[in-house]
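**Student:** My questions will all concern the structure given below.
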Amino acid sequence: MSKQKVVVGMSGGVDSSVTAWLLKEQGYDVVGLFMKNWEDDDDSEYCSTRQDWIDVVSVADLIGIDVEAVNFAAEYKDRVFAEFLREYSAGRTPNPDVLCNAEIKFKAFLDHAMSLGAETIATGHYARVRQNERNGRFELLKAFDHTKDQSYFLHRLNQAQLSKTLFPLGEIPKTKVREIAEQIALPNAKKKDSTGICFIGERPFRDFLNRYLPTKPGPMKTTDGKVVGEHIGLAFYTFGQRKGIGLGGSKDGSGEPWFVAGKDIASNTLYVAQGHDHAWLLSHTLSAGNTSWVAGEPPADGFACGAKTRYRQADAPCTFSSAGSGEGLFELNFDAAQWAVTPGQSAVLYDGDVCLGGGIIEHAVTGQPVAREPQKAALLNAR
């Protein structure tokens, strides 16, 4: 009886390396595939593509599997990076990792794996997949280790993708994964986890963005219309941002920090608010579009669920309702006010551990006070 062939996405990190080893131990015919999704800056200190490939080859040799590299840079720039720049240009804050998973790691990669004769693919993501015995649908669940759960980034995966996907680390705590890596003497056992957006690396984000988007200085105003400074360009700020604004405590002596509270694209104005719990930063309601549902259909109107509006956030109790426009929009009404709900980010819904899917945040209704210049007080969440 032939072994089931699985192609593992290997990045050179500990998680994907242990994933490959676990599947080999379970009797699968394992092939490693290293994806190169970004070509610029390979000679700089910020990108470690060459070293990552060396680590992949070393791990593959140790555990006894074949490995190959495939270049998806063109697909990445077309399907992910171009959208990333469009969103920032529009004053929003996108999450490219969500789009990368849906378009590259579980589409381009999946298609390539199938062309190699694979029956399934696997990655080192911390999440789980199961098939519902009652209706036969595949479900995306949070990882056993909730502190490492990555279902937020995977919420746009569909039934076809999930049916061909394995997440071996979904039931294992991160600490155990590290232990396994050391026990089997993986050459990268002590390698640090990657952080940040893959094509940016560890460089300052503003420096990277400035290479692709021009600066366009404009007024920085308080929520009541008082000019307090100048910004370098709306694309370089995100809702709720504290660092890099260039404002200290106010002259009224309150000394509370300032936060980005809104953008008006038409007048190129950046609005700032003082105090973490300022009304302009708190929202009870959001609307989202560009939806994707794991089951292929949205929840019923009035469904009580939990939602995350950013990664690592605890599920916030809320009620789901369709916007009734027929365009795939939905609204969430939260039981408690949410802080800095940011357009461009994903609102992801959960029923306990089950990830239902979600959409891209379009607008959040804040408890903002009346501005002196209401016609210019279009918040960041006004597209």
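Just so it is clear, glycine is given a Cβ too, placed from its N, Cα and C backbone atoms.
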**Student:** Need a hand: Swiss-Prot gives G9, M10, S11, G12, G13, V14, D15, S16, G124 for ATP, which of M35, M220 is also on that list?
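**Tutor:** Candidate in the recorded ATP site: M35.
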**Student:** Can you give me the same-chain residues 6 or more apart in sequence from S11 (ATP binding site) with a CB-CB distance under 8 Å?
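**Tutor:** In sequence order, F34, M35, D52, V56, G124, S194 meet the Cβ cut-off.
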**Student:** Express the distance between the Cα positions of G13 (ATP binding site) and C100 (active site, nucleophile) as a whole number of Å.
**Tutor:** 18
**Student:** State the count of C-beta atoms found within 10 angstroms of the C-beta of G13 (ATP binding site), not counting that atom itself.
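**Tutor:** Neighbour count, Cβ to Cβ under the 10 Å cut-off: 20.
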**Student:** If you count Cβ atoms within 10 Å of the Cβ of H125 (site 'Interaction with tRNA'), leaving out that atom itself, what do you get?
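**Tutor:** Total other Cβ atoms inside 10 Å, all chains included: 25.
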**Student:** May I ask you to report the DSSP-based helix, strand or coil state of D15 (ATP binding site)?
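**Tutor:** Assignment for D15 (ATP binding site) reads helix.
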**Student:** Applying a 10 Å Cβ distance cut-off over all chains shown, what neighbour count does D15 (ATP binding site) have?
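**Tutor:** Within a 10 Å radius of the Cβ of D15 (ATP binding site) lie 23 other Cβ atoms.
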**Student:** In whole Å, how far does the CA atom of G9 (ATP binding site) lie from that of Q345 (site 'Interaction with tRNA')?
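**Tutor:** On Cα coordinates alone, these residues lie 25 Å apart.
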